[in-house]
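Annotation comment: Swiss-Prot describes Cys63-Cys78, Cys72-Cys90, Cys92-Cys103, Cys108-Cys118, Cys113-Cys131, Cys133-Cys147, Cys155-Cys166, Cys159-Cys175, Cys177-Cys190 as disulfide bond, evidence class similarity to another entry. Look at Swiss-Prot and you will find 29-58 tagged as domain 'EGF-like 1'. Taken from Swiss-Prot, the feature domain 'EGF-like 2' applies to 59-104. For 104-148, the entry in Swiss-Prot reads domain 'EGF-like 3'. Annotation comment: Swiss-Prot describes 151-191 as domain 'EGF-like 4'. Sequence annotations record features per position, and here Swiss-Prot assigns N-linked glycosylation site to Asn144, Asn163, Asn200 based on sequence analysis. Residues or ranges marked as GPI-anchor amidated serine by Swiss-Prot on the basis of sequence analysis: Ser192. Feature annotation from Swiss-Prot assigns signal peptide to 1-16.
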Amino acid sequence: MNMSYLFFFFFIQLVLKYINSKVTENTICKDGFLIQMSNHFECNCNPGFVLTSESTCENKVECNANSLDKRCGDFSKCAYKDLQQKELTCKCIDGYDLEESICVPNECKNFRCESGKCVLDPKQEAKIPMCSCFIGIVPSKENNNTCTIEGQTECTLKCTKENETCKKTSGIYKCDCKDGYTFDKEENACISFSLFNILNLSIIFIISLIYFYII
C-alpha cells in the first residue's frame, strides 16, 4: 500500500469524523449559532442557510433544473420526485425521514417527546433516540423520559463575545446581547442602544443633507 493511498485514507477518515462529530458547548457552527436544550446542544442556521451536517450550514436553494443535489432544507436536498426524472422536489438525505414537514433522524420517526424534541443521545456512539426538552421542562422517568414535568437546566453555553450573555428564548438557551445592547451586523458585535441610535441618526442626517443639496 503506497503512502499516497494511506494519506488519502486517513484524510477521508478525518473528514468523516468531523462531519459525524457530536455537537457540544465547544462546537463552532459554520454560518449558524449554537443553542442548548435540556439534554443536548445543536446548531441553528442563520437566515438563508440550512443544515447539511450537525455543525455546518449551507446556502438554501429552491429546487429547479439547476439545483439537483443542492440543499433545500435542513438535512434535505433537491432530488427527482420519481423514476421518470422530470420534476425535482425537496427530499430528506440518507439517514433522515420526513415527519411533520421536518427531516428527523430515522431513529426518531414516531418518537414522541411532548414539550421537546427527539434527538440522538450525544453520549452514545450508537444512534439511540432520546428526548431533549425545552428549557423549563425536563424528562420524566415516570413517563418514559418524555418532557412532561417542570425543571431547571443550567445554561453552559460559552458566550464569550463582549456584552454577550446566555438568554432563554422560545424554550432554548442561546448567546445574545445583554440588556441595553443590540447586535450590529456590520460590526459583528453587541453595541449599546445609545451608540446604535447615534449611528442611525448620523446616517439619517447625512442622507438628508445629500437629498437637500441634490434637490
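Placement of Cβ uses the backbone N, Cα and C atoms for every residue, glycine included.
Broken down with DSSP, the domain 'EGF-like 2' (59-104) shows 0 helix, 21 strand, 25 coil. Neighbour density for Cys103 (disulfide bond): within 10 A of its CB lie 20 other CB atoms from the protein chains shown.
For the disulfide-bonded residues Cys78, Cys90, Cys131, Cys133, Cys155, a Cα to Cα distance of within 10 angstroms from Cys118 (disulfide bond) holds for Cys131, Cys133. Of Cys72, Cys90, Cys103, Cys108, Asn163, all annotated as recorded positions, the residue with the shortest Cα distance to Asn144 (N-linked glycosylation site) is Cys108. In the structure as shown, the Cβ atom of Cys131 (disulfide bond) sits within 10 Å of 28 other Cβ atoms. Each of the disulfide-bonded residues Cys113, Cys133, Cys155 was scored by the other Cβ atoms within 10 Å of its Cβ; the lowest score goes to Cys155.
If you take the CA of Cys166 (disulfide bond) and look 10 A around it, the recorded positions you hit from Cys63, Cys78, Cys113, Cys133, Cys159, Ser192 are Cys159.
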